[in-house]
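Visitor: Below you will find the structure I want to go over with you.
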Amino acid sequence: MSTKPEKDGCCRTVTKFLFSHIGLCLMVVLYCVAGGFIFEHLEKNNEEQICYESRSEYEPMQSKTINSTLNIFYQNGGIVNDKAREMMVLQLESVLETFRNNSLAIGYNGRWCQLYGQPNGPSYDWSWPGAVLFSVTVVTTIGYGHIAPKTVWGRLVCIAYAVLGIPLMLLCLANIGDALADIFRFIYAKICCCGACRKKKKDTDQVVPIQNSETVGHWNSDKKSMAGNPMSQVAPLDTKFTRMASKSPTDSMDMSDTRRLTSAGSRGGGKNTVQIVPLDLKKNDPVILDDDSDSDEDDELENRKVTVPLTITMIVIGGYIFGGAVLFGLWEGWDWLQSAYFCFITLSTIGFGDVVPGRDFDNPQVQAQLMLGSIYILFGMAILSMCFALMQEEILAKARWIGQKLGIIEKEAED
């Protein structure tokens with residue numbers, strides 16, 4: 001009987017971890033790694049088989065083109081004059097154009113299929129790093145299109161992989177984007193703003209000097225005459241005051257006992273003003289009146305989120321694109337514009353596929369470049385999600401402010 005609650009508690013703990021920030025990121029990474037192994041297993045052998053088929057179609061075309069070229073020279077008998085030269089050029093152009101079109105039609109890229117997997121041989125498109133990059137482009141909806149599954153099982157698995165992976169990636173981006181936005185907002189408020197984003201607490205303490213007791217006068221009073229009507233601020237004309245000693249010289253003054261009681265009546269033919277003065281205070285002693293009415297407002301200001309300006313978020317996005325442009329420019333040998341173009345097209349999930357890392361198969365670091373591209377995409381999507389969350393808050397705050405200025409939106413009631 002005790003094993004069932006333990007299992008429920010274990011399942012609850014595992015579920016809570018999987019849907020945490022670390023759990024979601026870990027699931028996305030493992031999902032892409034697993035996709036790399038799956039697609040490599042499904043498409044790698046087929047890639048080699050397609051290479052052999054293309055090579056078998058290319059070799060007859062190559063031989064036919066060579067024979068046609070030689071026949072052109074044999075027909076002219078080695079005599080080259082202006083008329084024969086023009087004829088030879090037209091015939092050679094026709095032969096080469098046919099060879100070019102046929103080569104493009106069969107998709108042969110000139111690789112030696114026998115050298116696949118060899119140290120100096122061509123690299124597989126569907127190697128594990130290449131398959132991981134393909135998996136990342138699927139779940140992030142970038143879709144370069146530089147490689148695509150060709151087998152039946154590869155295409156079916158790709159559909160199922162995208163159906164499960166895209167929602168997982170969106171959930172992870174939403175979760176990690178909010179977390180990174182909170183971290184960035186905290187750093188911006190503490191470091192960049194240097195505390196200027198938070199309003200300073202107003203100094204509401206007031207120092208009120210006490211009037212000279214000689215000018216106020218010594219009054220004798222019996223407080224019992226005022227006990228019957230405590231809510232009235234008008235004292236009767238026959239009220240007498242007396243000076244009562246305080247309990248200790250250090251007792252603070254209760255402001256409720258320092259009410260001013262005024263009486264403006266015509267009885268007696270004059271104005272009578274009655275005032276209760278502080279008890280046993282020295283001459284000219286200041287009284288500090290502390291107003292705590294803004295304490296709740298200050299607490300709300302501390303808990304209020306700081307909105308990051310749009311310029312800061314745009315600088316972050318631009319800095320990440322610039323860093324990627326420098327990095328891929330060094331690794332791939334691209335110029336600055338081509339590298340920046342690739343980074344922007346990738347992070348915006350447009351993914352034309354005309355510029356893709358790891359296509360120089362003669363480079364021994366091609367596998368590392370593919371893994372670098374995958375890592376750059378994953379981190380870039382998280383950074384973009386963070387920036388979009390910050391930009392959304394700033395835009396909503398600006399729109400609310402404009403609406404309040406135009407009178408479209410009512411201002412929130414202040415307590």
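In case you wondered, yes, glycine gets a Cβ from its N, Cα and C as well.
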Visitor: What range among 88-106, 126-144 does TrEMBL record as transmembrane segment?
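Guide: Here TrEMBL associates transmembrane segment with the stretch 126-144.
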Visitor: Grab the same-chain neighbours of the transmembrane segment (21-39) for me: Cβ-Cβ under 8 Å, and only residues 6 or more beyond its ends, written as numbers and ranges.
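Guide: Sequence-remote neighbours of the transmembrane segment (21-39) are 126, 128-129, 131-132, 134-136, 138-139, 149, 154, 157-158, 161, 164-165, 168-169, 171-172, 175-176, 179, 374, 378.
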Visitor: For the domain 'Potassium channel' (123-180), report the average pLDDT of the model, please.
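Guide: Result for the domain 'Potassium channel' (123-180): average pLDDT 94.
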Visitor: So which residues does the transmembrane segment (340-358) touch in its own chain, when a touch means Cβ under 8 Å and the partner is 6 or more beyond its ends?
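Guide: The answer is 129-130, 133, 137, 140-146, 317, 320-322, 324-325, 328, 331-332, 334, 366-367, 369-370, 372-373, 376-377, 380-381, 384.
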Visitor: Taking contact to mean 3 or more CB pairs closer than 8 A (sequence separation of 6 or more), are the transmembrane segment (156-176) and the transmembrane segment (306-328) in contact?
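Guide: With fewer than 3 qualifying Cβ pairs, these stretches do not touch.
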